[in-house]
Amino acid sequence: MAQINCTQVTEFILVGLTDREELKMPLFVVFLSIYLFTTLGNLGLILVIRTDARLHTPMYFFLSNLAFVDFCYSSVITPKMLGNFLYKQNMISFNACAAQLGCFLAFMTAECLLLASMAYDRYVAICNPLLYMVLMSPGICFQLVAAPYSYSFLVALFHAILTFRLCYCHSNAINHFYCDDMPLLRLTCSDTHSKQLWIFVCAGIMFISSLLIVFISYTFIISAILRMRSAEGRRKAFSTCGSHMLAVTIFYGTLIFMYLQPSSNHSLDTDKMASVFYTVIIPMLNPLIYSLRNKEVKDALKKLIASKNQMLSS
């Protein structure tokens, strides 16, 4: 077998969302506004949950971790994308690209698995309310959060190592606004069959298992709600689960659209638009979904603002 002449790539060029100069500044302003709102919303939600004793429950423990993941998730991608709107040569070093891919995969996987943990929490709350504090003890809650973090970071590390051990000799221009797997694989001259098989198996197991947990949990939840005799009880139960159902639908729906569409319809331009949605828009939407639809969070936020105003006026 002939030896591939592999020149070590030291940096990549991120093509970005657009090459039209007149669009770059408006897009910079839009995405900067979204990122600031995302940061304020997610860190604000964590602060509200941490400072209000009424929110020290399993449901809000999971929600604060989801907000943390959303903040990290967005921060891995958006600042570099904002910088690329301002510079003509959108360079990223080899090591920085590897770190970005690894962190992105870790937080995306963690979010996917955390949504499954939250679905299980809602299942226990609706279907086994008398045993809720036993089945969702602090130790179990910690395990339901620690397991997604541990699994996601180990998988992301192995995934990034496999990707960046490949030989890149075709080009160093990544047709994306961040370092993602599929655009990177198009630049390599190494055999990628084993790598693609790893992606398919690992992502498939993670995605199907987490989606199955969510589906089974909500099948039992909806069945239990429909059996409730009290209309007020049904309304309260649907209200409790509605925010999570909406967040799950948006997140998994975007991933299904991106990764399960026919290969004939698959293009990097379509990937870019879908990637904007789940790397930039979803982390901004989640605090809105969980706070605007949640009376306890809104009351805690009002209480926090009132106490801060009282401190400033005294």
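Count begins at 1; order follows the chain as displayed.
Placed from the backbone N, Cα and C atoms, the Cβ positions cover glycine too.
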Q. Membrane-wise, does Swiss-Prot list Asp19 and Ala306 under the same topological domain?
A. no
Q: Count the CB pairs under 8 A between the transmembrane segment (197-217) and each of 26-46, 100-120, 134-154, 238-258, 272-292, then give me the winner.
A: 100-120
**Q.** Any contact, the transmembrane segment (238-258) to the transmembrane segment (272-292), with at least 3 Cβ pairs under 8 A
**A.** yes
(Q) Under 8 Å between C-beta atoms and at least six apart in sequence, can you list the same-chain neighbours of Cys97 (disulfide bond), or say none if there are none? (A) Phe12, Phe164, Ile174, Cys179, Leu184
Q: Let me know the DSSP-derived helix, strand or coil state of Cys97 (disulfide bond), please.
A: helix
Q.
Taking contact to mean 3 or more CB pairs closer than 8 A (sequence separation of 6 or more), are the transmembrane segment (26-46) and the transmembrane segment (134-154) in contact?
A. no
Q) Counting across all protein chains shown, how many other Cβ atoms sit within 10 Å of the Cβ of Cys189 (disulfide bond)? A) 13
Q.
So if I exclude everything within five residues of the ends of the transmembrane segment (100-120), which remaining residues of that chain have a CB under 8 angstroms from its CBs? That is, six or more out.
A. 59, 62-63, 65-66, 69-70, 72-73, 76-77, 80, 92, 144-145, 147-149, 151-153, 155-157, 159-160, 163-164, 178-181, 184, 206-207, 209-211, 213-214, 217-218, 244, 247-248, 251-252, 255, 278-279
